[in-house]
């Protein structure tokens, strides 16, 4: 599994590239006019996890290797993108390549930053993006259904059932509010596994707000009212301030954040939310050379986790020495954990738990 790829999408001038620069500490062009981003910018960001630093200290590791998320700043979408308007075709193609979506919605008012639709209205803007994704998806489903109906003319039960399933999926995608996206995605995976629908990609809305106040509070309320029935999480962030913080050294950034009343690290929340959208957990390997965080799907077995490190580990898997992260910290070191009997031997079918520290034994 390579780095999780998260596409930063939204209308032009919503603050996508500003957010991208804050996340990646990059220098992508930020402009007050549409389509400043044409070719997607890419940045790799570490997933914040305080456990890794703790494990590294206990193991006296020479280096730390965190899990990462790859953020991709995708060109702004406009109404009619599903028909190729603006940079629509390129926008939609870029979204198809990502694992999850960070949908940046404008939640600020600024005369010097044009709005492509009109006055700031987060719910309307989010709906506009979702409508374009829906229209593109319905075109794809229509093609799939045409092929499925043709195949079902022979009356074979499986073919007929596939048509019925795709028709139900089409009906649910057509509805204005899709409250159970995960179940629709599961149905799609069963009946059309190669059909990646955009609207079903795991999504978090990043509401780009100004400084705290009545206007920001109203936009946050409106955004949550729109997102909640759809099961989409909302994170509020001031991308401009976060980009300024990203340019400072850590000490200065902490002082500035305190002055601005920023208590929680917004960017860390976005990275963590992106990591969690796909149901990923983390296991760790520790030693004198390095302590490393490894992302895997929740429910993965010890053998699959071994394969995350190297295919040879998976092929030659013998057993896994496992200690829960909390137990490892309580013991204070690898030798102390062994002495206390905190490590246990697990077989290939063991389901890895978030925070497990694992040492794999394998045959060469």
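Placed from the backbone N, Cα and C atoms, the Cβ positions cover glycine too.
What TrEMBL records for this protein:
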DOMAIN    4-257  domain 'OBG-type G'
BINDING   13, 14, 15, 16, 17, 18  ATP binding site
DOMAIN    279-362  domain 'TGS'
Other C-beta atoms within 10 angstroms of the C-beta of residue 18 (ATP binding site) total 22
For residue 14 (ATP binding site), nearby residues of its own chain (Cβ under 8 Å, 6 or more apart in sequence):
76, 104, 105, 106, 125, 208
Reported mean pLDDT - the domain 'TGS' (279-362):
95
